[in-house]
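Annotation source TrEMBL lists active site, nucleophile at A:Cys88. Per TrEMBL, the feature active site maps to A:His198, A:Glu200. The annotation domain 'Glutamine amidotransferase' is assigned in TrEMBL to A:11-214.
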Amino acid sequence: MNTMKKSTVAVIDYGMGNLHSVAKALEFVADEHTSVIVTSDPAVIDAADRVLLPGVGAIRDCIGEMHNAGLVPSIRKAMAEKPFLAICVGIQSLMSHSEENGGVDCLNHFQGNALFFGEKHTDHDGSKLKVPHMGWNQVKHTINHPLWADIPDNARFYFVHSFYVVPENKSEVAGTCDYGLEFCVAIARDNVFAVQFHPEKSHKDGLQLYKNFLHWDGKP
Amino acid sequence: MGLAKRIIPCLDVDNGRVVKGVQFVDIRDAGDPVEVAKRYNEQGADEITFLDITASSDDRETTVHMVEAIASQVFIPLTVGGGIRTCEDIRRMLNAGADKVGINTAAVFNPEFVREAAQRFGSQCIVVAIDAKKVSADGEPDKWEIFTHGGRKPTGLDAVEWAIKMVEYGAGEILLTSMDRDGTKNGFDLGITRAISEAVHVPVIASGGVGNLDHLVDGVIEGKADAVLAASIFHFGEYSIQQAKQRMTDAGIEMRL
């Protein structure tokens, strides 16, 4: 094995802003053989060893910009063949459909929908819960996975979102969180892993997840 | 088990330097925002807020570089407030690595700016800062009004109604500062904190008046705040973030320890 070859991780830039933190967090945990490339070039994504799909903002703009930038074929290709990590709105974009913005068809890599917590969201005891779900909440591992390596079960990660994913195939759920209801915050199948929280804003455990991603061979 | 309440230290920055004194025994240069942010990060701060008091907009570029430097080394949420007047200001701060921006005076003079900003960047990064003062006399029903210019100029706007309006316009979070408590160390104005927190569906950060750790507890339990912001009690080493979190945990509040 030639350990001198540079491994590349492509952070997909589709114009939705704030990729700085994602790229900096990856660089912070990357070794000298790994280069982090923020790119909107399909050829660079196709050539990368692993791909990260960030997501900020509203789903209609996200999906729209991915299509406008001609990135969807490269995203699908990457999900078919190499380690792939999606974060925040990125996880929602991989579902079949989202109810945000009046209803938006997404990439349908995972069957299931993204649903709104609702402005009248309540806790189990009926007390009012704020929406967005903003802040540090505990993530329960529902499967063993290389991306959970060295991260304690129920560690806290930083969330900021108003929509949550409901995969149809429950065996794809990799982690859950409780906010008035128990919902999926991590989903996994083959070489694709996606999380609702922001690892790049989640201190040690978030950085550990990125480190795990950079060492992941894409096998569950 | 569930979402933790947040503790947010707030730093004033001028020309890319932390001002108004931050003292840690073991940092040489307490004016370096990167060092200060790292220290609060190590202590367990859940977020950090920077209030940019740079007078000249020409010097704003320095703040952008400061945010870039911090976001490269500190991996928790960062908010930048002060001087945010245009979507271009917001774009620059977000691209530099800020997660949220605080809009204060600009919202009062041009509420449509909040709507435009939320539509363009998403509500999740738009914090509307509200400076309120109690204007009702003892014995009258409680009433709080929005003030600008550091609490000197009344606007005639009712604080609770204003908060509701700002959320309708797209604010993803409210940073509520009680101007008559700010600097007093007498604790938050719990009445306005609770009134706004119960009136809106987005998180509310309580600010202004923290003098001891019990004030933080009161802000969450009685004021129903989702997060508490403080400056001087942390800056001068009176209390550490860990001590604050322990006190809040002992009071039955869910915290990230």
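For all residues, glycine too, the Cβ spot is worked out from N, Cα and C.
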Fill in the blank from the handout: Reading the DSSP string in three states, the entry for A:Cys88 (active site, nucleophile) is coil
Fill in the blank from the handout: Spacing of the two Cα atoms, A:Glu200 (active site) and the residue listed as 'active site, nucleophile', in whole angstrom, works out to 11
Fill in the blank from the handout: As a whole number of Å, the Cα atom of A:His198 (active site) is distant from the Cα atom of the residue listed as 'active site, nucleophile' by 6
Practice task
Starting from the Cβ of A:Cys88 (active site, nucleophile), draw a 10 Å sphere and report how many other Cβ atoms land inside it.
Solution key: 26
Problem - Confidence summary (mean pLDDT) of the domain 'Glutamine amidotransferase' (A:11-214) - result: 95
Exercise for the section: Can you see whether DSSP assigns A:Glu200 (active site) to helix, strand or coil? Expected result: helix
